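Trainee: Submitted below is the structure of interest, expressed as structure tokens.
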Amino acid sequence: MSGTYDLVVIGAGMAGIAAAKKCANQGWRVAIADSLPYGGTCALRGCDPKKILRRGAEIIDSARLMRGKGIDDAGLAINWPDLMTHKHGFTDPVPQRMEDDLARNGIDTLHGHARFTGTRQIDVDGTNYEAERFLVATGARPRPLDFPGHEYLIDSTEFLNLDALPTRILFIGGGFISFEFAHVVARAGSTAVIIDRGARPLKSFDPDLVELLVDRGREVGVDLRRDTHVVAVKRANRGYRVTVERDGGSETIEADLVVHGAGRVADLAGLDLESAGVQWGERGVRVGGHLQSTTNSAVWAAGDSADTAGMPLTPVAVSEAKVAASNMIKGTTTTPDYTGIPTAVFTIPELTRVGMLESEATQQGIDVEIRYSDTSDWYSNFRIGEHTAAAKILIDRSNDLIVGAHLLGPEYGELINTFGLAIKLGLTARQLKSATAAYPTVGSDLGSML
Ligand SMILES: Cc1cc2nc3c(=O)[nH]c(=O)nc-3n(C[C@H](O)[C@H](O)[C@H](O)COP(=O)(O)OP(=O)(O)OC[C@H]3O[C@@H](n4cnc5c(N)ncnc54)[C@H](O)[C@@H]3O)c2cc1C
Ligand SMILES: NC(=O)c1ccc[n+]([C@@H]2O[C@H](COP(=O)([O-])OP(=O)(O)OC[C@H]3O[C@@H](n4cnc5c(N)ncnc54)[C@H](O)[C@@H]3O)[C@@H](O)[C@H]2O)c1
């Protein structure tokens with residue numbers, strides 16, 4: 001046994017680091033372990049590197065939208081290796097910076113794969129540690145797929161590290177990852193096909209806005225195939241041959257690269273949670289409202305590896321980690337509050353959401369007024385040549401509270417945060433409309449959306 005801690009955190013991503021620091025700042029003896037370089041998915045393999053690659057695509061798209069409006073975009077292209085170097089300029093220093101920061105907070109940083117060996121013991125690559133409490137913050141991994149040839153797929157991590165971008169790219173799954181990556185590769189000059197088994201891609205977003213985004217994607221070369229099932233992926237002379245089925249018929253699509261965008265599951269399989277008597281499933285460690293394991297009171301969970309009502313997103317992971325840490329420190333006093341947490345799909349333009357969908361409001365019996373605006377011809381979009389943009393705001397007729405906001409358009413990833421704040425603070429539409437924004441900014445469109 002080489003140490004006894006007040007808390008051992010498993011996973012040095014956004015959730016794990018936030019909780020470790022909060023507890024260490026209470027004077028607790030804390031250790032954190034990760035089998036990969038510190039920083040987790042968001043900083044190293046997700047949100048941040050993804051949005052750096054998107055910047056290249058934004059420039060291409062912005063220039064194309066201004067073609068004939070004073071901008072000559074001939075010869076403008078993404079230099080993929082240079083864009084990757086730019087990405088590495090951000091990601092490469094992250095692990096050391098994170099470890100230094102943890103060390104400054106008095107936290108022991110362990111390296112290796114952690115697995116439970118008892119209710120209050122773990123093993124990290126051959127060394128045993130004992131602790132009063134554990135936080136499982138191990139994140140998520142791509143959902144295992146079972147069709148023949150699934151082993152040829154690359155995942156989002158590999159995609160974000162490609163040295164060169166091949167010409168024909170096929171994405172399996174019509175969710176966040178496929179849409180975001182497809183919008184990048186289409187602007188980089190490759191073809192992008194997305195295969196989704198369902199009729200409705202991006203199911204957690206407003207269906208009307210999703211259809212507008214699909215149309216906008218088609219214009220730039222993102223080819224979405226709905227209700228389509230992958231039968232097999234086979235190697236071909238050049239790349240892969242993907243057999244798909246739709247309406248009883250089958251078709252073969254040739255691709256140089258096949259990318260997994262078919263969902264992610266909690267990354268718990270190698271943790272030996274059974275040894276600690278911790279119940280878990282595909283959605284994560286089974287926890288109660290206070291984020292404590294339902295079967296082992298020494299174990300807590302937060303972020304993508306916790307089975308909660310929160311979506312697998314960075315702000316949710318951080319907020320759950322703070323709740324779990326606070327409950328460990330003060331006793332079980334607080335529960336996560338997901339009110340007003342916005343989310344965005346970083347396509348071009350971006351699709352965003354906060355609060356309820358129309359269908360959810362109806363299911364909850366709320367009498368909602370839908371304020372829909374086609375914002376494509378508003379000044380902010382005219383100025384940059386964007387022709388696809390819309391807003392749908394849901395307002396509870398009984399009290400004028402904003403219960404949902406759905407936006408598709410350039411810079412709306414920033415604007416949605418204001419709607420998030422309004423929902424979080426319980427502002428009425430009238431109150432929000434009374435705020436004055438700098439002009440001309442996208443924020444100044446908000447009043448008209450209401
Ligand atoms: C391509 C992509 C893009 C994304 N973009 C966005 C976005 O734009 N906005 C957004 O909000 N969210 C985005 N997400 C989701 C976001 O990245 C996650 O919700 C967030 O990173 C979860 O944080 P976490 O701390 O729970 O887990 P993670 O950040 O995944 O950290 C878990 C850590 O645990 C480690 N680990 C796992 N098992 C063990 C073990 N047994 N022993 C030791 N260490 C272990 C892992 O190595 C990892 O470092 C994206 C995800 C992906 C894949
Ligand atoms: N901008 C962001 O915030 C962001 C970006 C990327 C990822 N993420 C997070 O990561 C999670 C995982 O992303 P994702 O895009 O992999 O999953 P997702 O859950 O967003 O979408 C998966 C899609 O794949 C489809 N699918 C599943 N199996 C399939 C199959 N065999 N064939 C065809 N289609 C199939 C599903 O119907 C679904 O539409 C997201 O839920 C999100 O929480 C967030």
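Glycine is treated like the rest: Cβ placed from N, Cα and C.
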Trainee: Check TrEMBL: it lists Gly173, Gly174, Gly175, Phe176, Ile177, Ser178, Phe179, Glu180 as binding NAD(+). Then name which of Gly89, Gly248, Gly249, Gly263 it lists for that same site.
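Mentor: The record-listed residue among the candidates is Gly263.
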Trainee: Say we define neighbours as other CB atoms within 10 Å of the CB. Which of the binding-site residues Gly173, Gly175, Gly263 has the fewest?
Mentor: Gly263
Trainee: In Å, rounded, how far does the Cα of Lys51 (FAD binding site) sit from the Cα of Cys42 (disulfide bond)?
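Mentor: Approximately 11 Å lies between the Cα of Lys51 (FAD binding site) and that of Cys42 (disulfide bond).
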Trainee: List the same-chain residues at least 6 positions away in sequence whose Cβ sits under 8 Å from the Cβ of Asp304 (FAD binding site), in sequence order, or say none.
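Mentor: Within the chain, Asp304 (FAD binding site) has Cβ neighbours under 8 Å at Ala15, Thr41, Thr138, Gly139, Ala140, Arg264, Ala266, Asp267, Gly284, Pro312, Ala317.
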Trainee: What count of other C-beta atoms do you get within 10 angstroms of the C-beta of Lys51 (FAD binding site), across all chains shown?
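Mentor: Taking all protein chains shown, Lys51 (FAD binding site) has 16 Cβ neighbours within 10 Å.
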Trainee: Take the C-alpha atoms of Gly263 (NAD(+) binding site) and Cys47 (disulfide bond) and report the distance between them in angstrom, rounded.
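Mentor: Distance (Cα to Cα, whole Å): 15 Å.
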Trainee: Helix, strand, coil residue numbers for the domain 'Pyridine nucleotide-disulphide oxidoreductase dimerisation' (341-443) per DSSP?
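Mentor: Across the domain 'Pyridine nucleotide-disulphide oxidoreductase dimerisation' (341-443), the residues distribute as 33 helix, 33 strand, 37 coil.
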Trainee: Based on a Cβ-to-ligand 1 distance below 6 Å, what subset of the recorded positions Cys42, Gly173, Gly175, Ile177, Asp304 would you report?
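Mentor: The ones that qualify, in sequence order, are Cys42, Ile177, Asp304.
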Trainee: Starting from the Cβ centroid of Gly173, Gly174, Gly175, Phe176, Ile177, Ser178, Phe179, Glu180, Gly263, the recorded NAD(+) site, name every other residue in that chain with its Cβ within 8 Å, sequence order please.
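Mentor: Not counting the recorded site residues, we get Phe171, Phe181, Ile194, Pro201, Leu202, Gly261, Ala262.
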